[in-house]
Amino acid sequence: MEITNVTEYDAIAKAKLPKMVYDYYASGAEDQWTLQENRNAFARILFRPRILIDVNKIDMATTVLGFKISMPIMVAPTAFQKMAHPDGEYATARAASAAGTIMTLSSWATSSVEEVASTGPGIRFFQLYVYKNRKVVEQLVRRAEKAGFKAIALTVDTPRLGRRESDIKNRFTLPPNLTLKNFEGLDLGKMDEANDSGLASYVAGQIDRTLSWKDIQWLQTITNMPILVKGVLTGEDARIAIQAGAAGIIVSNHGARQLDYVPATISALEEVVKATQGRVPVFLDGGVRRGTDVFKALALGASGIFIGRPVVFALAAEGEAGVKKVLQMLRDEFELTMALSGCRSLSEITRNHIVTEWDTPRHLPRL
């Protein structure tokens, strides 16, 4: 049976993967309300398409931090990809490169920055947590820089791991044949033994709970890579992030895996965009499963979106070919959405192309 949309990979991955692995990728925090809401909120945004516009040629190309990419659809960092498929991050890196877009490598990857760089050319960002031992952070950043990575996506919503109950029930542990490749050979000190998500026996216990805005300024002293602050949900924090030197903001709720009952990212996006006043680009991850979702995010002011779970599920189902197909399907759907909405380039996508539940009834301009 031919796969015709991104969501269909979910069921295939569920059937293929061990329960512990699938649940790790699929689950959210606590009641998983935000996990559902990340999807549901997109469904409450409707289109106001414009007609009789020549849409014979559609241009989806854009630039992110000065790097030209083929479309505003990028790959979010997801941990432990070799649990999904033996090729893991290698396959994802090759697929993103073939699609002409950016891959963000998780620092909790099962392939190292050097290994991912060895897959060939491509624009790659490195996701970073700040650890208690700052020497570890420095080593990770230097290695990413040396391996040709172009930016840091600093995760700021995880002073502690969220409570993901399926991981507790399944007693989640990384399969014994896999390691956190970026930490091999680094002195991590004594690991904390805790029971947050059964994960803390790994590097999680080393995440620095004292992380604050001054650490973003410190990071800028050890690297020239631009820093994207990932995990912003409010206008207040967007403004502070810019003051602290952020080159961009990723509106993210960590795939609904941290604090439950935060808004869907698509619901938080516009507040953040307004607060930045165009000073830095704003991106979104969380709940994107259709080209229509990509369009809605851009109409609300995002410069691009990142996808996480769809990549991992497609990887589990079909390896590199699956990830390529997910990126291609989203690209094709997004192109079609642009055409049917009357937009020939990303700059033509405006707030007037959508209507949200928080919009007041419109008084149409006199023509």
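Placement of Cβ uses the backbone N, Cα and C atoms for every residue, glycine included.
Binding of glyoxylate is annotated in Swiss-Prot for Tyr24, Tyr129, His254, Arg257; the matching candidate from Arg163, Arg164, Arg289, Arg290 at the same site is Arg164. Between the CA atoms of Arg257 (glyoxylate binding site) and Ser106 (FMN binding site) there is a gap of 15 Å, rounded to the nearest whole number.
Within the same chain, residues at least six positions away from Tyr24 (glyoxylate binding site) with a Cβ under 8 Å of its Cβ are Phe80, Met83, Arg164, Ser166, Asp167, Asn170, Phe172. Over all protein chains present, the Cβ of Met1 (N-acetylmethionine) has 4 other Cβ atoms lying within 10 Å.
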